[in-house]
Amino acid sequence: FQNPVTNEGMNLTTARSPFSVSSLSNGDDRKFSLGGCSSYDTDSVASRSSGVFSGYDTLDTPPSYDFYSNTEIFGRAKKSRPSLFQLHSNPQDDPSPPPLYEESSVDKQSPDEDEPTEPPPEPARFGWAQGVMIRCMLNIWGVILYLRLPWITAQAGIGLTWIIILVSSSITGITGLSTSAIATNGKVKGGGTYFLISRSLGPELGGSIGLIFAFANAVAVAMHTVGFAETVQALMQERDVSMVDKLNDIRIIGVITVTCLLAISMAGMEWESKAQVLFFFVIMVSFASYIVGTIIPATPEKQAKGFFSYRADIFAENFVPGWRGLEGSFFGMFSIFFPSATGILAGANISGDLKDPNVAIPRGTMLAIFWTTISYLIISATIGSCVLRDASGYINDTVSSLSGECLGVGCNYGWNFTECMTNKTCPFGLSNYYQSMSLVSAFAPLISAGIFGATLSSALACLVSAPKVFQCLCKDKLYPGIGFFGKGYGKNNEPLRSYLLAYIIAICFILIAELNTIAPIISNFFLCSYALINFSCFHASITNSPGWRPTFRFYSKWLSLLGAVVSVIIMFLLTWWAALIAIACGHDIVCVLYISDVNWGSSMQASSYNMALSQCVGLNQVEDHIKNYRPQCLVLSGPPCMRPSLVDFISTFTKNHSLMICANVITGGPSPGSVDSAKISTHLKWLDKRRIKSFYHTVVADDLHVGVQMLLQSTGLGRMKPNVLVMGFKKNWRKAQPNNIENYIGILHDAFDLQYGACVLRMKEGLDISRTMQAHVNLGFETSTEQALDTRSSTTTTSPTIDTSLDPEELMATSQPTTVFQTRQGKKTIDVYWLSDDGGLTLLLPYLLTRKKRWGRCKVRVFVGGEAQKVEDQKQELKALISRFRLGFQDVQVLPDINGKPQSEHIKRFEDLIAPYRVSSVQKDGQEADETTKDFSWMVSDEEMETFRAKSLRQIRLNEVIQDYSRDAALIIVTMPVGRRGACPSSLYMAWLEIVSRDLRPPVLLVRGNQENVLTMYCQ
């Protein structure tokens, strides 16, 4: 391991990630261009000649929607966030700087000839009612509702039928909740179920189930079309009309029907949606006809067929089961009914055609499940109260005309159906006549029309869903050779080629013309999709990913797990061999939990190591994604027991979520003594006893700065490496040697150079408890005054003034100190001053805190700068932006007074603070500067004070605002200012950090992300 060179010779900017930006070569090497902005002077970006101080008068930009959006608004240039290089680096010190994020702004004298002058036409978009609720209801209602529900009621009785309906609806309801949660976790695009699963569980499971689901929808078109063709053929048979024979008639009718449906689908989503509305109207009319029919007194002809209108004794008779035949069992009836509860994903499958999928999918899907469940319950109860199980249909089978014993409830109304009941030859009644709803209806043809509407609407919904899902699958290019079918046409990007493919598949299965053959397989593939959706929701919740932030809150990860398990069980109850085929297409998921306090060198330990190693190596092939971003913290804690508040606070939001590494720098040359002083096992035991899940890493270096440089570059394993540097505030900086200030600020500069985010925690009582606990402490962080001023002891690890009589092992045996971060915070506030857009880290950290019980009752308040004339507009704009991040922060306050001038006494206090570091006799960088003066880079010249005057005033004013608004907060989070390396003196930068967080009772966390997005409003 080779130690880095000295601080001056080390250039960490070479480790920056490559950016696609351009710099201006207009003769001024100190200026860069920003898209949509004029060029900025990198030395004086915060100063203006204007006498009015503006809070936005800086290269640091306030939060903006454009920084997080992937799309552009027609006619307006998309703004870009300044890069960390622009904010931090000094171009004079870097002759070949990397390109900036933004492209140079070029003033166009005339618009490009190829650029469109009018915005593209807006495609048709549907709301939650027409796009989701009606579509789902039509897909749920089907042939079983009209032709099998009365028969199931006769078999299971009204009571068990209600249980069957409620259990089925519970499963679909749980799946609906999971779908709603996934659909509201970012902006949903086209692709429906495939998009939801693939963006949650990954392309492996998502890609396989997407192909299966698209195929199942295409086959479902055939199933519903065959159901329609069978009904038409039955009506033709009643009138002795036939084209060829029964089987071929069904094939001919089915092919003609699916061809007509294809024409409607290819005409566009607007025509398809209008057809769905028409089908919905027909079904509603058929329901109304049925309900009216149950009230109308029965004619003798209907009474002979078992219909007597509402009767209490008929209800009592039909309330209990009356099992008949081989299928006469609870699970037999359940397996027949359950397919009628499916279809809840019809709205989600056209997510790309919805106006607002995040609102439409949850609302429309759940309302569709609710109303269809109510309709099933009503029809089951009403028809069970009106119609007998058995009836002969003969007008002469009355009690007066027949002699002998009379059996059944019909005897109470003058009808004797004993003969056919005994011989089991009754052609009518709920147990024998599938068209019982037509018998009850006020106008029987309307029930036939309802059957047509239900079957055709379901077929049409599946014919639209299959191509949409398959198109999204093709665009993702997961399978070779299928991209041909992904091409879209028209303003709605209709997948016409996929429509033709689904049409061909549907015709192939229509030619089978046997409904009972294809229905079980389809039901199992749909259930497989439900199981995966529920598992996706459970998996996303259980992994505690910070990117899992659904706005739909009415879901439970355990309910989702239950829904996944029950869906798999029902797959086997329906058709066990079809379930095995479906499950064979998936993956086995094995969860191993191993907890042991002993070390026997077991094979389980070896297996755990191999698994961890394999997973870490496997992560090398996985590209980082914003959704999975986690703040992985390198905490400069020294010995963790010396700064328990710092360790406790970071552990609050990293525990079970992300990586935390406590780091310690031992100053001095490598030796057995220095290695022994690390006491790694001791500190790990301390962390374990405190229930802090953290690694501990120690390096030996000549000084603190070099040691931290080593940590920043070498800590971590593969992709498991820190991305945020956390350190305590140097409380005694004014009493410390200037080179200690240089080292402290140099650590921040190194972090920015290496694209780290940075956090500095300050507490009023300080963080270092080394003197209280009488233990050793590293130099450089809150050391004692005597130690800090003694430059000769810079290579030692302990201060001569500190009593080290207690060995760290003995110190571990003492009671651990309690910190404020170990207690519940109650109903306080977390105040976030998001004044500069750093990529979202300033917002993500308080969100992660509020997910913990200790901080869960705290209210997050977000403060942003603004203008007095536009307070309300800016407030609504920021609330809309934050709501898209799904963080749940509702309290947004715009501070127009932050742009004002600070009070004179506070300015005087800041000047007194920086006075010991001022040099006014000569200009540091001037021609006449003495060589010895140039070595004092921590000193501040008059020119530098004037250059950074506006930025200094901003920090002073910010502290005044925080004093006014956040005296009683549980925690204050503030965007950290960025000082330019080589341009901003370290003492001035330290004074900024001091003045911002000064005299504040609550803990203050200064945060600065690396200017790259850590929050997203999208699903991918």
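Sequential numbering from 1, following the chain as shown.
Glycine too: its Cβ is placed from the backbone N, Cα and C atoms.
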Range annotated as transmembrane segment - as stated in TrEMBL, picked from 368-388, 515-535:
368-388
Have a look at 159-177, 330-348, 444-462 and point to the one annotated transmembrane segment in TrEMBL.
330-348
TrEMBL annotation (transmembrane segment) - matching range among 130-154, 205-229:
205-229
Go through the chain and flag residues at least 6 beyond the ends of the transmembrane segment (559-584) whose CB is under 8 A from any CB in it; none is fine as an answer.
171, 174-175, 177-178, 181, 212, 331, 334-335, 338, 520-521, 523-525, 527-528, 530-532, 534-535, 537-538, 541
